[in-house]
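K.L.:
Residues annotated as disulfide bond in TrEMBL: CYS25-CYS104. Taken from TrEMBL, the feature signal peptide applies to 1-22.
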Amino acid sequence: MVQVTPFLLVLSLALVAPGLSARKCVLTGRWINDLGSNMTIGALNGKGEFSGSYHTAVSTTTNEIQISPLQGSQHRTNQKSQPTFGFTVNWSFSDSVTVFTGQCFVDQDGKEILKTMWLLRSHVDNIKDDWKATRVGINVFTRLRSQE
Ligand code: BTN
């Protein structure tokens, strides 16, 4: 009986420990960023590709904002618990395109967070205006739960 207790302790640690260390960041779902923009990412296919929709809270134009499609992919090393990814938003209400790239992290509190950088390419009528056609920035996304 004296030897059984340490054995059970080691066994339970071996079973529980892997689960503790391997909280995975999953892209699929609804997200909100620091500007108040919302996006929904659908299920990933076998190649790590996904599609979804983006509802931006802000715009460089005066056009009425519309929900716009996004397409992207997660890096193929899907065993990784904090994967890198990229996606493109083809804006439905303007002539612009934004590309985002980033990494899906699990923070110290166990919360998923997407750290991204983006390039927003606006349309210009003249090549002379090319120099001012691309904006760059960062966005941080957190997961939106169903009641939020
Ligand atoms: C446009 O202005 O032509 C389209 C909308 C662009 C919205 C940008 S994309 C980068 C940044 N992050 C957001 O959530 N919205 C802005």
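Quick reminder: no glycine exception, Cβ is built from N, Cα and C everywhere.
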K.L.:
Please list, in sequence order, the residues in the chain of CYS104 (disulfide bond) that are at least six apart in sequence and whose C-beta is under 8 Å away from its C-beta.
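P.N.:
Spatial neighbours, sequence-distant, of CYS104 (disulfide bond): CYS25, VAL26, LEU27, GLN74, GLN82, PRO83, THR84, PHE85, GLU112, ILE113, LEU114.
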K.L.:
Under a three-state reading of DSSP, tell me whether CYS25 (disulfide bond) is helix, strand or coil.
P.N.:
coil
